[in-house]
There are 4 protein chains.
Amino acid sequence: MFKEGDYILIVYGDKRFLKRLSKGFSLNVKDAVLKFEDVVGKEEGSKVGDFYLFRPTVEEIILYGFKRKTQIIYPKDAFYIAYTLGLDKSKRVLEFGTGSGALTTVLSLLGGEVWTFEASENFYKLALSNWEAFGLCKEVKHFNMDFMQAELEEEFFDAAFVDVREPWHYLEKLHKVLKKGARCGFLLPTTNQVSTLLKNLQGLFSDVTVLEILHRYYKTNPDRLRPEDRMVAHTGYLIFCRKIT
Amino acid sequence: MFKEGDYILIVYGDKRFLKRLSKGFSLNVKDAVLKFEDVVGKEEGSKVGDFYLFRPTVEEIILYGFKRKTQIIYPKDAFYIAYTLGLDKSKRVLEFGTGSGALTTVLSLLGGEVWTFEASENFYKLALSNWEAFGLCKEVKHFNMDFMQAELEEEFFDAAFVDVREPWHYLEKLHKVLKKGARCGFLLPTTNQVSTLLKNLQGLFSDVTVLEILHRYYKTNPDRLRPEDRMVAHTGYLIFCRKIT
Amino acid sequence: MFKEGDYILIVYGDKRFLKRLSKGFSLNVKDAVLKFEDVVGKEEGSKVGDFYLFRPTVEEIILYGFKRKTQIIYPKDAFYIAYTLGLDKSKRVLEFGTGSGALTTVLSLLGGEVWTFEASENFYKLALSNWEAFGLCKEVKHFNMDFMQAELEEEFFDAAFVDVREPWHYLEKLHKVLKKGARCGFLLPTTNQVSTLLKNLQGLFSDVTVLEILHRYYKTNPDRLRPEDRMVAHTGYLIFCRKIT
Amino acid sequence: MFKEGDYILIVYGDKRFLKRLSKGFSLNVKDAVLKFEDVVGKEEGSKVGDFYLFRPTVEEIILYGFKRKTQIIYPKDAFYIAYTLGLDKSKRVLEFGTGSGALTTVLSLLGGEVWTFEASENFYKLALSNWEAFGLCKEVKHFNMDFMQAELEEEFFDAAFVDVREPWHYLEKLHKVLKKGARCGFLLPTTNQVSTLLKNLQGLFSDVTVLEILHRYYKTNPDRLRPEDRMVAHTGYLIFCRKIT
């Protein structure tokens, strides 16, 4: 039952809205209006006019609820990253930079202990405020600090994910703080960056894979099934590898 | 440190092998040989000749270690399913059919309580033996039973995933056992099945999305970066929706 | 050298414009202006301010110059169709419906004799006016007539392309007017239509292939090479087959 | 009617064979046999046992009939190149290197005059023998010569396509022999080559586009419509531009 302060995913035709239910809340779509009084006390899955009311998943929170100042790591990529790093509740994982905190959120659901570093104060505060708004990442250890400044034990982390523009500058320290054989991932938007990273991994990391993930959505008319006219063609290249000794 | 009985991911060039380290173990690739004595006592990430030794992730266990009698749900799809169903440790999720147990494994890492039903005795035993071999899914509640025969409370599950050939026969019962607004997913290989399912969802489920996930891998030579020559073009269509009331 | 009346492809950054050079011509992009006097008498490939001036190819004429009242057959599909039908200057090819005349234009450049039928007077006139504007398809035999009404010799055409909503109604007549073994193609936007067509081809046509063509464009910054953020995900499914006897 | 010496496309289930009909011809597929006497005198589109008999298109000749010593330019790319270069019977087009002669064949069907240069004697002879076997490219002007050695008039060609490993070495001469505003294309397999080419185009060529073409094939069972399990993921990146002055 929705109550004041809840976040609600509102579906109207093929449009989706993520809104906080506060007094005076009102949503206008075309000629339809949804108001605070229409929603409060309703069950999930209720229909009010042509609006459907649901609780958002973490994917929808990230896509429609998180504030961002730059490109986020999209859920399609984040979900794959979290599992392919081999995370479970017994694992300690390192992330830098935190950015808007999207990947941190996903890692924190699957992993045991998440440490995340963000050099920029702006981004650090953005991530904190995104998590706070939705009650996420409460156990995450977060640092407003360049990873290079962090004092960390050697062979401390089971896995790592790196989302910075020039990750090759961090590889030696990264290698040190990872356990033997640990999985490590990177997200890079351009092929030039991928080439430079691949060159610099040699000798420190092996078992390298590079891939991109494409999602293609379909229109849902059962009598006229066909893909959407347009799709997201690129978010970034994912690179995974393992520490060697 | 690898010891007898461990599963080991062995990487040789671009080939990967998942093997159990038992006495008498021996792996031949081209002219290279790796033996029990070469591996036991070695650290993760060690190099023996041209072989690298690692511990497998759950993705690698499913891809290279699980036995299968039919198409499995691939990790690329399974990882996305688990998160997009909105799972976390507070959620109870339903799955049928269990198949070889690949998706169950992935759901069990993210979700709180997993119930899985499999009508075929053959598949049921296969899933159990896959999990047992790798020490997975210990908390999962598994049933060798057609979902239609199961006696279940109404509004019991927070989410569900259905992997059977004709899911439209199960929708009314599925609707009953799901909580209001709960997320539900399906995997279907053909467009005809997708059309039939979409028709039958109407009135019971809404907020429908249909998508396919494509992974495109790249060769990892930094001076000659380019996609692999061939890729997997299709595993199945994913359909997600929510219970309405 | 550009003169009054010419069609000109104007490139400004990553924007492209197809314009006719008439007195009083003027193009405004952001703060830049291009006028009749700036263009007339210039050579192809000239730069005027930040504008580049070129003559359009047939692809650019179709994409930026043709008027349309419905989805056209895109050049990416049309180019593949023309060749895969096995056309050359010795071949006679049938098309219906003509639509906006985009595919007709492409067929006419490669094939020997093109016959095209369009039942709708609106579309027929649209195609004629598109061709006239750009001096195309002068040799094409065009008919404002439903293909079913046309009186045609048996085994008359070397190849055919069909772009109508329910092509299965036309297959018997199509089979009659095609030469033995002739190639025949179809474009259909939905999977339901593809299924229905495939069913109806049986016994009349064989050697069936179904495919879709995806074009993925890249940003052209050499130091930051990466795909465009979004792409066209679907225009239609192409179906090709051959007449059997 | 098929006669001795003809090339025949033989379709058996989803297998395709391109064979020359010579005395003693015999094709075995599984337990089925097709012999010279079964084919000679038959019409196109005939069925003999489970074999269908057709004449090949140029696409099928290139894919199944051409001999190759390296990667060819695939028909999917070649068809798009020929049209996007803006060719018609009034245009003179330059190609180097000739390779196995696949693109030359496609250009020669659409363009007016084709000049092709191949530095390697091996490839040059291969292309000639491919064309001769199928009676193709009779009007093409072919040269066993490095393009850099050729004495050519300035502003001679309406368009050009370059298929060599390091095309950036040829750009100045290429610029000279092209007419003002002429279209020019390149095919390169790696992202590193694309970056290097893009850098070197600056100042000589503009209106640059980079794309890749993906074909996704479907299984043709109307009741179980779905993509093929695997597809070609990469042949090469296509780069197009225009000469500026």
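These residue numbers are counts, starting from 1, taken along the chain as shown.
Cβ coordinates are placed from backbone N, Cα and C, and glycine is handled just like the others.
Bear in mind that TrEMBL entries carry predicted annotations, made automatically and left uncurated.
Site annotation (TrEMBL, ligand S-adenosyl-L-methionine) includes C:Ser100, C:Gly101, C:Ala102, C:Leu103, C:Glu118; from C:Asp88, C:Asp158, C:Asp163, the additional listed residue is C:Asp163. Long-range Cβ contacts of C:Gly101 (S-adenosyl-L-methionine binding site) within its own chain (separation 6+, distance under 8 Å): C:Phe66, C:Thr116, C:Leu126, C:Ala127, C:Leu128, C:Asn130, C:Trp131, C:Leu136, C:Cys137. Taken residue by residue with DSSP, C:Ala102 (S-adenosyl-L-methionine binding site) is part of a helix. Residues C:Ser100, C:Gly101, C:Ala102, C:Leu103, C:Glu118, C:Asp163 make up the record's S-adenosyl-L-methionine site, and a Cβ search at 8 Å around their centroid adds C:Ile72, C:Ile73, C:Glu95, C:Gly97, C:Thr98, C:Gly99, C:Thr104, C:Thr105, C:Thr116, C:Phe123, C:Ala127 from the same chain. Largest CA to CA distance in the S-adenosyl-L-methionine binding set (C:Ser100, C:Gly101, C:Ala102, C:Leu103, C:Glu118, C:Asp163): 13 Å, whole number.
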